[in-house]
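> Input: one structure, supplied below.
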Amino acid sequence: MEGETSTTVMMDSSSKPYNNSKFALPVDSENKATEFRLFSAAKPHMRAFHLSWISFFSCFVSTFAAPPLIPIIRDNLNLTASDIGNAGIASVSGAVFARVAMGTACDLFGPRLASASLILLTAPAVYFTAMADSATSFLLVRFFTGFSLSTFVSTQFWMSSMFSAPVVGGANGVAAGWGNLGGGATQLIMPLVFSLIRDLGAVKFTAWRIAFFIPALFQMMTAFAIFFFGQDTPDGNFHSLKKSGEKPKDKFSSVLFFGVTNYRGWILALTYGYCFGVELTIDNIIAEYFFDRFNLNLHTAGMIAASFGLANIVARPAGGIISDAMSRRFGMRGRLWALWSMQTLGGVLCVILGQLSSLGSSVVVMILFSFFVQAACGLTFGVVPFVSRRSLGVISGMTGGGGNVGAVLTQLIFFKGSKYSKETGITLMGVMILCCTLPITLIYFPQWGGMFCGPSSSKNNDKVSTEEDYYLSEWSLSEKEKGFHQASVKFAENSRSERGGKLDSVTRPHELPSSSPLV
C-alpha cells in the first residue's frame, strides 16, 4: 500500500470504474468501491470497514478475555483441566449454528441490523462472567459470549457488499484480520486490567471479576456505533431499499437452498475449520501451554500468547491481498492455488511446533505458524464472495460456522482432559490441517476452472461458460421476468476479472465484453 495506503487495481473492460460523484471512492456498476483506502473514513464504504472490524475486534476481546486469566480463575472456582477444556469448547461451539443464522439474517435484513443486534444480545453474558461461581456457570457465560463471534459473518458480508471483485479479498482480509487481532490483544489487555485493579486495592479473586466490565462496555459501544452510523450497502439500508422497490424481497427458502446445495461452500467450510478453527483453538490453549510447559509467569505467558493473535494485524490482510494479486495474474485458479499452498505450509509448521522442547524455538515457530494459518483465513474469504451472489450470506455463514466446528472438534479430540499432552495435541492438529486442506483441489468453477483444469464449455458447447451462466442459474425464469436477477447480472459483469489477466485472452477469444445475457 502506498500513498494514502490504498489498494488500487487496474480494471479490465468488464470492471471499469464508474463516475459517481456522490461517492468519495471510485465505484463499479454496483456502486462497490474499486479502491481500498485504509486510512479513509469515507461514507459509506470505508466507514463500514472501520465499524465492522472494530466491532468484531470487541467481540474477540470479550470471547477470549478469560484464557489469559485462567490461572487465577481456576484457583478461584476450583476448575479442573476438564472444566477448562469444556469451557474453551463452549466458547466456540455456540457460534457454529449462529454463524449460519447470521449469514441468512444478512441476506434478508442486512449486515447492519444483524450485527448490532447480536452484539447487544451477547453483551450481558460478558457482564455475567463476573458473577460466575462454579464450573457450570463459567461454562455457560463463555458459551453465550461466544455467540458474538458470529459477527465475523456480517463483517465479511458487509465488505463483500461494499468492495468490488479486484479488491474484495484485501478488504475482507484486513477487516477480519484486524478483528481477529482482538484475540491477541485481550491476552495483553486482561492481565494489565487485572493488575491495575488489584493494585488499586482489590484482592485477586475480586479483581478478575471487575476486569470483565471493560470488554462488556466496549462491546456495547460498538453495537450502538454500527446501528447509528452504519449503512448496509453503497445505495442505502436494506429496509429503505426494499420499501422503495430498489431491492426485491427475496425468499428465505430460495436463499437457503442455493447456499446449502453449492458444494463449494461445504468444502470451504471444511478447510476453514482447519485455519480459523485452529486459530480459535490456539487462542484458548496457548497461554496455559506456555505457562505450564515452560514454567513462565502469567504476564510473560500472556505476552507470548498475544504474539499469535497479534500477527493478525498483517497476516490475514496479507492473505487477502495475496489472493487479489494472484487473481489479477491467474484468476480464480490463482486464488485456489494460493489458499492450498499457504494452509498446507501452516499445517507443516504446526506439526513442527508440537515437536519442539525449547522456549526460544517454540516462540519462533509459533509466530511463523500464526502467519501462515491466519493468511490462509484471508485467502479463504478471497474465494467465498464468488461462490454465490444470491446466497452470499449463507455461504459466508457456512464457511464461518465451519471454522467454529473445526475448533470444537479439535479441542474435543486433542485438548479436552488429559488424554493427550498439549504438545502431542498440537502435532496431531497439524496433521489434521494437512488432511483437511486437500479438498480445495476439488473446487471447480465452470466459468474459471479449478486448480488443475481450465473453464468448461457452456450447455451449447459453442463457447466457454460465462459468469452470467453461473450466477443467473440461481434465478428461475419467472424471477428473471420480474427483474429480480439484475443485481446478479451486474455482479457477473464485475467478476470477469476472475478470469485472470494472463489467461483471459486465451480462454475467451470470441466473447464480446458487452455481452450480458439476461436469461
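Placed from the backbone N, Cα and C atoms, the Cβ positions cover glycine too.
Please treat TrEMBL annotations as automatic predictions, because they have not gone through curation.
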> Which one of 79-99, 247-267, 310-330, 394-414 shows up in TrEMBL as transmembrane segment?
394-414
> Which one, 53-72, 113-132, 139-158, 210-230, 394-414, has the most C-beta pairs under 8 Å toward the transmembrane segment (178-198)?
53-72
> Between the transmembrane segment (336-357) and the transmembrane segment (139-158), are there at least three Cβ pairs closer than 8 Å, leaving out pairs fewer than 6 positions apart?
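Touching, no - the transmembrane segment (336-357) and the transmembrane segment (139-158) miss the threshold of 3 or more Cβ pairs under 8 Å.
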> Considering only Cβ pairs within less than 8 angstroms, which of the stretches 53-72, 139-158, 394-414 has the most against the transmembrane segment (113-132)?
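By Cβ pairs under 8 Å, 139-158 leads among 53-72, 139-158, 394-414.
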> Check the transmembrane segment (210-230) against the transmembrane segment (53-72) for contact, please; criterion is three or more CB pairs under 8 Å, pairs 6 or more apart in sequence.
yes
